[in-house]
Amino acid sequence: MKDTGESKDQQLTVALRIRPLSDAELEEGATIIAHKVDDQMVVLMDPMEDPDDILRAHRSREKTYMFDVAFDYSATQDEVYRSTTKGLIEGLISGYNATVFAYGPTGCGKTYTMLGTDREPGIYVRTLNDLFKAIEETSDDMQYSVSMSYLEIYNEMIRDLLNPSSGFLDLREDSKGEIQVAGITEVSTINAREIMELLMKGNKQRTQEPTAANQTSSRSHAVLQVAVRQQSRCRDILQEVRFARLFMIDLAGSERASQTQNRGQRLKEGAHINRSLLALGNCINALSEKNGNKYVNYRDSKLTRLLKDSLGGNSRTMMIAHISPASLAFEDSRNTLTYADRAKSIRTRVKRNLLNVSYHIAQYTSIISDLRSEIQRLKKKIADQASRQLNPDRTDIRHVQAEVQAHSSQQSRAEMDQLREQLIDAFRQQMDIRKRLMELDNSNMEIQIDTSKHLLTIADWEQERFRRRKKWQGERRKESFNKDESEKDSDSPESLPDSTETQEVAIARENLVTLMAEQKKMRKQKAGLEQRLAELREKARRLEELLPRRVSSEEQREVLCLLCKVHELEIENAEMQSSALLKDNVIRQKNVVVQRFEQHRHLCHEIIQQQRQFIDGESFAGIRNGTEISARDESGQTVAVKFSRGYLPKITLLSRGRDPLQEMDSDQESVRTLGSDNREGKSYMASTQINAKLHNRQQILRGVQNIAVKAARRRSKVLEIDALRLPPPPSPLDPKKHKSNLSLTEVPPKGLVLRRGRQPSPELCHATSDDNLSSSTGDGPAPNGTWTRPRNRQAVKNPTPREKDFEGRRRKRRSRSFEVTGQALSQAKNTSQRFRPLDSTSDPHLHINGHPPAPLLRPQHRAQPQLTKVRPSHNIHQTGLILQFDFFFFYDLLIYSFTWGKSWPNG
Ligand SMILES: Nc1ncnc2c1ncn2[C@@H]1O[C@H](COP(=O)(O)OP(=O)(O)OP(=O)(O)O)[C@@H](O)[C@H]1O
């Protein structure tokens, strides 16, 4: 290996940078005395010279300095770097050593120029960046190796900043006379980022202390060395290796003790700094001597020893002198400018560090084989490139890999699509079936409602038949007791009443059969659908289980799982909606029932209220034992109450209903009063017709029943309740209370008390016709439904022949019509004094169905209680009610009748 570089002389390049005036200087009232005149010229003005000094009048106060490049406060870091250091990089990778050092007094910006700040990086960082860029650009042909070391000379001692624990290092001169730092850490890397990190790490290790002149004063000289080795990638018989070193030095600033006010350690540091800088200055002086014969004492300091090559040896050297523009720093600036100006004349002998490697003949064989293999490699590379150009799709392994990947992903996507389709299909079928099941439920409900209607029709008819038979039996019994009279009574039925079914009942039975068949069919369908639904659920579950096995991608699996979840939730939602609808329907039906009960309750309260008012203001008289009251409406609803001494009155309530749908539409009521007293010849009869607004006749009857029961309880003398109690309002969906909700296979009970949609029986119409009633009074019904004034007692005591005749006829019909034969009116009157309200909590202002209660009608004739014939709603379902109650019940009934009357006779 031999050095083949040729040397040539080169001047040391000097740049001058004038930093901006600092705040401290401004505060001290410093003025600017250093100016940049142009890119190279700098003027320094002596602030001490007196312009009025006549002796020195012709002397210039300004001194001009010329440098290779000059910067003032306006120069950026990048401008300084480009003008000073950037040009050295090309020479560095070509094998030329280079040195950049910052020189100047303390606090003038040396560290700022070399290191910079995070936002404004200095020469270190910028140089390394560009060096690595240049290496990268030529790395195809050349091989590089870069190593870095970073040290500081502190108090004339060398410290490794990349490895501070290694202690102080020594300088050694190698065989070629080059200065080396023994044991320094050299980090080899071509990674720019790594080098930057090392630099930052080293900077943190550098000794910096605050002084009066500079808060971040560097107390040492810092030397960053970058060694670049370069050789051609192509091995030749004559291998050329280039080697170069770059020094980047941030010198400590020269300082005056008076200025820095340093004491102790700082003072000691300052002395060392100044000594080394003095040595540097001496070297510069010596090197700059024109004759060049002067001895250069590099050995005075470690700094000058280290910079030996940089100053007078093989290096392209750049000196960046720094000064302050402040008048206070005049002396330092002048010294710096003087040294910098001198340094300009320093000449270095620059030569490329080129090493030619000559090999032994034995090594040639291996070199040739290496070269051959390299040729083979290159040929293969060319062939690959050519074939790739011809058929780019097949040869590119990456392409093939991508194809394989794409294919496999396509496959998995297809599989996923297939699975998804299957899942969606299963869920869709489930939804369809769920929908059909809902429809079936709806139809089933409709069928149940229809069934209920038909069952009611049949039950009504059964009830009617039962009632008729009962009535017939009663009459037969009565006839056996009153044989003489019964023989003459041509109206009494002798044979069993006709029990053939009406057309309506027959149709209902037919419809029931059809509905039963329909329901059976639907049950079958439902079972089938439910089975299918279970199968589909099982299928979906199996598909879900397959997911992990058939889909490899975690993402796809999750997507499918989510899909399943969504569909399951949708199905659940549909099921819940369906059951909610069904429940809603049931609730609506029950609400209707509750509403009717509520009306019923209101009505009862109202009745009680009216009774209480009547009791308070009226004495009861005129009803005697044996009195019988009968009432009947157009539809055949009858009420009969009979009194006998020592016994409770016997009340017979017979009613006949019409179409239940008209139940709520009743708006006309007529009340007729009949009265007679047949035992003592004091008959009292009254007939009237009162229009009343009754909104629910069924409720009225229940009110009556309620009153009866309450009265019976109060007296504890209930003898007999031979009645079919009123059922609650029909609830077609309540299986406990109504037969309609039972299965069609169940047989409706005989004698069901409810009756709906039934036409009035002609027989009963006859037995309880208005004619009968009017004949019993002898007056007939008032044509316009007006109240007929009852006869007074005096008139009854002496009946006319016509009245006697009428009475006779009336007795004959007593079994069918309603008579009053009371004897104990005075008793009744007395008893009425003990009457107590049934319900103390009843509200007197209660309104029924939005209508205010009827005004209390008070009879004018206290001794003659009004016997009323009640014409309740023709829609009442109750087929028959026979009750025996005590007198109070009868009284309640009377009050009830009065209350609902529309008018009361005057006088
Ligand atoms: N050109 C400039 N532009 C802006 N600020 C500067 C410039 N030069 C120096 N400064 C500021 O002046 C202060 C002193 O600078 P710096 O520490 O670089 O001086 P120095 O010469 O290295 O001092 P020492 O020799 O004591 O280490 C720093 O705060 C720095 O930011």
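Cβ coordinates are placed from backbone N, Cα and C, and glycine is handled just like the others.
Where the annotation comes from TrEMBL, it is an automatic prediction and has not been curated.
Keep in mind it's a predicted model, so treat the numbers as computed, not measured.
Per TrEMBL, the features are as follows:
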DOMAIN    11-346  domain 'Kinesin motor'
BINDING   G104, P105, T106, G107, C108, G109, K110, T111  ATP binding site
COILED    361-429  coiled coil
COMPBIAS  472-491  compositional bias 'Basic and acidic residues'
REGION    472-503  region 'Disordered'
COILED    512-546  coiled coil
REGION    661-682  region 'Disordered'
REGION    722-872  region 'Disordered'
COMPBIAS  823-843  compositional bias 'Polar residues'
Number of Cβ atoms other than its own within 10 Å, given for K110 (ATP binding site): 28
P105 (ATP binding site): secondary structure state under DSSP, collapsed to three categories: strand
Three-class DSSP secondary structure - K110 (ATP binding site): helix
Sequence-remote partners of the coiled coil (512-546) [C-beta within less than 8 Å, at least six residues beyond its ends]: 419, 422-423, 426-427, 429-430, 433-434, 436-437, 440, 443-444, 447, 450-451, 454-455, 458, 561, 564, 567-568, 743-745
Environment of G104, P105, T106, G107, C108, G109, K110, T111, the listed ATP site - residues of the same chain whose CB lies within 8 A of the CB centroid: R19, A102, Y112, N214, G253, H322, S324
Averaged pLDDT score, the domain 'Kinesin motor' (11-346): 84
Cβ-Cβ neighbours of T106 (ATP binding site) (radius 10 Å): 26
Lowest local Cβ density among G104, P105, which the record lists as binding-site residues, within 10 Å: P105
Set of same-chain residues at least 6 away whose C-beta sits under 8 angstroms from C108 (ATP binding site): R19, G253, H322, I323, S324, A329, D332, T336
Position of peak Cβ density within 10 Å, selected from the binding-site residues G107, G109: G107
Spatial neighbours of T111 (ATP binding site) that are distant in sequence (at least 6 apart) but have CB under 8 A: A102, G122, T216, S218, D250
